[in-house]
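Pulled from TrEMBL:
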TRANSMEM  31-49  transmembrane segment
DOMAIN    170-358  domain 'FtsK'
BINDING   187, 188, 189, 190, 191, 192, 193, 194  ATP binding site
Ligand SMILES: Nc1ncnc2c1ncn2[C@@H]1O[C@H](COP(=O)(O)OP(=O)(O)OP(=O)(O)O)[C@@H](O)[C@H]1O
């Protein structure tokens, strides 16, 4: 009687283990990492460290590489090099961290080069190398891609600051225009650029800020938010008019600052301070590429000069640029490289050519370029972004449905500041010359 009951019980337990085990394997809940993943990975880190360090030239021998035997100078590789000292691996929500004491003469760059070797040796999704203090390197191993299902990050509301999404570290991805006044956003088609711009507008719409759109794709993208835009240019000719009017407006702002004896509009008393303006450009190539005709060439040159002027002087005068494009390269014109130098904030989604990733991140963070190039077509909304302290991180924007962004823009349409100079400039040009 006991036999069949025990058998049925054993079968039930087995079925339960199989079903639950499969669910756990597929969904990887957080406790699974702490109970199974972390102890296994921590053992791998500790037990493979000597060998990994040796194979990647991180170990250093205390013996000199040359020594004198009698009257002979003997050169060679000293035996038994010592691996750098490793701290105990500490579990985090998404992986683990270990601190490594650098040998004298070593720099974090050697560890950056070995990051791929760590990934394979420890069987983790990625390893990031940072140096929080001199002589120390922090290796952060991530068990799986935290951006596959990023949590909803939060950040305090601040003027000219937008919560864009979540960072790979689990923190909030914030675009703060007071800290980094101008931004360059690149991404191939369907990489998540427009969604990010919609998110930015969604976040800035409730703030006392003027939003100006330049969308030379006939206003198809930014036209959706027209109710909250103080001006919208939908052709290059209109873009020249709007940028020219903004350049003149900046001169007025300068004279207000000069008469008040201050260096930036933020030092002016509230009642004198002009409203901050955020200029959003969708598809920079439309402003820079000419069809060879004389007027077209003149317009591209004007756009290039005016954008550069706004970028050079805008930060102190409350004029901010957010420039987006599918591709950025010096072939767009000599002005592009100069403009890029002024756009301190960079966001690079998946791109089709290595040149664009190099152009966007290469001058600030060489090691971020390879990470940006590894973003796949499935990872929509994932990007490499720079932080205000010069660091970089992988991040994912919060998916803001277009309807939600449009309805937020409509809801706050009454807050739209009037910029009569821009309206006049837009009313002036005749015809349309795309
Ligand atoms: N953060 C995100 N999370 C999930 N899906 C996203 C995210 N961002 C964008 N997507 C999805 O990716 C698709 C393409 O996004 P989007 O239209 O923003 O790309 P794009 O780079 O602007 O493309 P294009 O240049 O063709 O306009 C959309 O269907 C959107 O739903």
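Note that the numbers count up from 1, one per residue, in the order the chain is shown.
Any Cβ shown, glycine's included, is placed from N, Cα and C.
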Least surrounded among the binding-site residues, given as 189, 191, when other CB atoms within 10 Å are counted: 189
Binding-site residues near ligand 1 among 188, 193, 194 (Cβ under 6 Å): 193, 194
Segment confidence, the domain 'FtsK' (170-358), expressed as mean pLDDT: 92
Non-site residues, in chain order, whose CB comes within 8 A of the mean position of the CB atoms of 187, 188, 189, 190, 191, 192, 193, 194 at ATP: 326, 349, 350, 380
Fewest other Cβ within 10 angstroms of its own Cβ, chosen from the binding-site residues 190, 193: 190
Largest tally of Cβ atoms lying within 10 Å of a Cβ, found at which of the binding-site residues 187, 192: 187
Under 8 Å by Cβ from residue 188 (ATP binding site), same chain, sequence gap 6 or more: 326, 327, 349, 350, 351, 352
Cβ neighbour count within 10 Å of residue 194 (ATP binding site): 19
